[in-house]
């Protein structure tokens with residue numbers, strides 16, 4: 001069990017989860033925010049691809065299992081408090097890569113302008129054609 005000690009250093013929340021930020025390795029773009037449980041983080045490190053925990057479905061979610069938009073993980077980092085994980089990834093699927101279920105490059109596609117949220121990044125692929 002010695003090899004898994006690094007997992008014990010993570011400060012899991014009351015539900016056994018840790019917040020995760022996926023950041024594109026080459027551009028620095030923040031792609032998405034999600035959650036991982038212990039099993040998801042262990043599988044991510046083992047497989048070199050992002051595996052998250054879906055709170056709504058209460059199960060592991062292999063990023064790209066439905067869309068084909070896989071995240072290859074190059075590096076797993078943890079913050080100074082050991083309670084947030086950062087994945088340095090390469091996002092695949094319809095260049096420049098689609099991370100968001102809306103068909104956009106990043107889940108952070110809206111900006112606050114004049115007191116309103118405005119979508120500023122384009123839809124790269126219609127989500128209807130992604131999730132069949």
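Residue numbers in this text run from 1 along the chain shown.
Glycine too: its Cβ is placed from the backbone N, Cα and C atoms.
Noted in Swiss-Prot for the protein shown:
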type    : residues     : note
BINDING : 79, 81, 83   : Mg(2+) binding site
BINDING : 80, 100, 107 : Zn(2+) binding site
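Each of the binding-site residues 79, 81, 83 was scored by other CB atoms within 10 A of its CB, and the lowest score goes to 81. The least crowded of the binding-site residues 80, 100, 107, judged by other CB atoms within 10 A of its own CB, is 80. Across the fold, the C-alpha of residue 107 (Zn(2+) binding site) and the C-alpha of residue 83 (Mg(2+) binding site) stand 21 Å from each other.
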